[in-house]
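Asks: Structure provided below as structure tokens; questions to follow.
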Amino acid sequence: MNCKPLILCTFVAVALCLVHYGGALPAIGHYTHKRFDSMGGIDFIQVCLNNCVQCKTMLGDYFQGQTCALSCLKFKGKAIPDCEDIASIAPFLNALE
């Protein structure tokens, strides 16, 4: 008895089920935004937090570091601040008098 056609048919059936019902698996279809890029090894939240620290170091009292860090956590690193881009750090700037 030759089992190769049976194994091949089983493999194809399982593959088709995974493709069709893949959205039902939490690891495949549940998350809409990645916190970690497995291909590049980038943790977006950590990059965001590191940039907040860098901006606070560069700008001192002009920069609201804690507010920046809370925003990184709240938005899961989607908006990473760039200390040299005024538009990306504008929400965290103080006007000292």
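Note: Cβ is positioned from N, Cα and C throughout, glycine not excepted.
Heads up, TrEMBL stuff is auto-annotated, nobody curated it.
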Asks: Disulfide-wise, see what TrEMBL says Cys55 is paired with, picking from Cys17, Cys72, Cys83.
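Replies: Of the listed candidates, TrEMBL names Cys83 as the partner.
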Asks: Would you mind checking which of Cys48, Cys68 shares a disulfide with Cys72 in TrEMBL?
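Replies: Matching partner in the record: Cys48.
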Asks: Whole-number Å only: compute the distance from the Cα of Cys48 (disulfide bond) to the Cα of Cys55 (disulfide bond).
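Replies: With the alpha carbons as reference points, the distance is 11 Å.
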Asks: Tell me which of the disulfide-bonded residues Cys72, Cys83 sits in the most Cβ-dense spot, judged by other Cβ atoms within 10 Å.
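Replies: Result for the most crowded candidate: Cys72.
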Asks: For Cys68 (disulfide bond), which residues of its chain lie six or more apart in sequence with Cβ-Cβ distance below 8 Å?
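Replies: Spatial neighbours, sequence-distant, of Cys68 (disulfide bond): Asn51, Cys52, Cys55, Lys56, Pro81, Ile89, Phe92.
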